[in-house]
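Heads up: the structure comes next, in structure tokens.
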Ligand SMILES: Nc1nc2c(ncn2[C@@H]2O[C@H](COP(=O)(O)OP(=O)(O)OP(=O)(O)O)[C@@H](O)[C@H]2O)c(=O)[nH]1
Ligand SMILES: [Mg+2]
């Protein structure tokens, strides 16, 4: 006797598969209104109209045939007959949420391509109707080439029609599976969207808007251009909007320093407070407005639903270097700071994928590097208009960021061919709805960021600055000698030692001095330079404008460019190394990361310096 035909219920999470399973078999599988309710296969029996019994299995929801978690793997194994399940299903019932067709049709298209007979249950049609969405199942049937039945699983609507249309699919000859299923998310998404649009008879203005926005944002040519344009506006804004508040903070710190100089007696403590704390910490806090404007943009993009669209656009680019599209979000968070970015790689299932993402995360321009870039750019790059609305300073900043991304791209390409070789996997994610950001949420996000920044300035940056000040101030040169106090100090001597190593790439003593303390936090490079100049300087003026003036006097343009390039690549901060150790369970990978980044930084900074000298800058 033949076993009863096997039919599997598949679809995206939360489509109503278990509800349909219960309605068809009379079972009581758990249903719930969130993705991931079902995490294993369950089977039950149902009887067709002609009396034939069939075995129905309810599967965990999945976004694609590319499993990113163990429950999705169960689904993949069952529908493709892998992983030791005795037999392939004779037919699939693909359950889709009618109100979310774009997203759910993606997986449907992949499933249809498998070659197993498919019937689509257009479920939750009641909710779609409530929201003013009218669909035409006949169009869907024609576009997909498989039977489509409208259902309301929880009201048992459409079940008879489903059984009737399922019947002829069973008992025929099994269709051989096609060997390649379309995996390119962008292609799939576009086809899904076209089909969904064709099957939509009418919808509410809000849904129409969302579709129109997606047609632009996800367009293969316009989409990436839009993304670049948004990023570009962001950088220009960071520079121009921040200028006034930054000046105000600068003036305030200058005033504070002047007040301490007048009121406190000259000596150790006054110098510690003015040349150490105020010069160092003040030099960093000036960048608070910039950091906040940067985060304002990031938070708005996240809250509006655009960020996931950007991830979709990036997926193909990531795939060319063998990275999963899932890596986009961790890498994007690394623009704030590599530490949460590296932790966010936990969502990447494949170990090699994940490791590669961790290793390149430090190349994303974290917000701690902004003060360094801004200071050097502000001092050394003329603020001229190069194109309408485009100033050279913003352009250089953008260039540095692109440099980091390009470096990451090349690094991933090389790593994936050597130390982290392995197969890569695709990326599927639910597209969130577009919505206006809630200003309270943005406000809270900015407040949190400001507090983190100020806390860093008040603790780790202040502490490093004070230590550096001590090392820079002692021992004092003998009175009467014309040797500079910095050169005579402990730090100065260490700096002069480091300088011999970094002189070939155009670095001077001041940079050499800043490199070590910048390991604690990158912003310290700025406060360190501030402190060096405060001690070295007789006139006793202060503030970032004063630092800029001194930079202009002492640094050549090739040196400044080399320094910027160094910061794009160098593994500067200890927290990143520590979190890498924790996430990779050992010292091997952090050591590798530090090694390759130092080599890259040295080579790139050197190349920049010599190139700049050669072209006569
Ligand atoms: N209004 C309405 N609600 C439905 C319908 N089908 C399912 N639901 C509800 O939608 C939610 C999700 O249903 P489930 O059956 O748990 O979804 P699932 O596809 O099994 O989800 P996973 O197991 O997470 O993959 C539950 O709250 C159901 O009660 C429907 O046709 N109409
Ligand atoms: Mg379920």
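In case you wondered, yes, glycine gets a Cβ from its N, Cα and C as well.
The feature domain 'FeoB-type G' is assigned by TrEMBL to 4-172. Computed over the domain 'FeoB-type G' (4-172), the whole-number mean pLDDT of the model equals 86.
Sequence-distant contacts of the transmembrane segment (221-243), counting only residues of its own chain at least 6 positions beyond either end whose CB sits under 8 Å from a CB of the stretch, comprise 287, 289-290, 293-294, 297, 301, 306, 309-310, 313, 370, 374, 389-391, 393-394, 397-398, 401. Summarising the annotation, TrEMBL assigns transmembrane segment to 221-243 (among others).
Under the heading transmembrane segment, TrEMBL lists 277-301 (among others).
Taken from TrEMBL, the feature transmembrane segment covers 321-343 (among others).
Proximity of distant same-chain residues to the transmembrane segment (355-381), defined by a Cβ-Cβ separation under 8 Å and at least 6 residues beyond the stretch ends, is recorded for 238-239, 283-284, 286-287, 290-291, 294-295, 322-324, 327, 330-332, 334-338, 341-342, 345, 348, 392-393, 396-397, 400-401, 404-405, 407-408, 411-412, 415-416, 420, 453, 518, 521-523, 525-526, 529, 544, 547-549, 551-552, 555, 557, 560-561, 563-564, 567-569, 571, 573, 576, 580, 583-584, 589, 592-593, 596-597. Marked as transmembrane segment by TrEMBL: 355-381 (among others).
The transmembrane segment annotation in TrEMBL covers 393-415 (among others).
The annotation transmembrane segment is assigned in TrEMBL to 453-472 (among others).
Under the heading transmembrane segment, TrEMBL lists 560-579 (among others).
Annotation source TrEMBL lists transmembrane segment at 591-612 (among others).
Counted over residue pairs 6 or more apart, the CB atoms of the transmembrane segment (277-301) and the transmembrane segment (453-472) come under 8 Å in at least three pairs, which marks the two as touching. For the transmembrane segment (321-343), the list of distant contacts is 68, 185, 295, 298, 307, 310-312, 314-315, 350, 353, 356-358, 360-362, 364-368, 408-409, 412-413, 416-417, 422, 424-427, 429, 449, 573, 575-576, 579-580, 583: same-chain residues at least six beyond its ends, Cβ to Cβ under 8 Å.
Only residues 6 or more beyond the boundaries of the transmembrane segment (393-415), in the same chain, are considered here, and those with a CB under 8 A from a CB of the stretch are 231-232, 235-236, 238-240, 317, 321-323, 331, 356, 359-360, 363-365, 373-374, 377-378, 381, 383, 386, 564-565, 567-569, 596, 600, 604. Residues 338-339, 342-343, 361-363, 365, 368-369, 372-373, 376-377, 379-380, 396, 400, 403-404, 407, 505-507, 511, 515, 518-522, 525, 551, 590, 593-594, 597-598, 600-602, 604-609, 612, 617 of the same chain lie 6+ residues outside the transmembrane segment (560-579) yet bring a C-beta within less than 8 angstroms of a C-beta in it.
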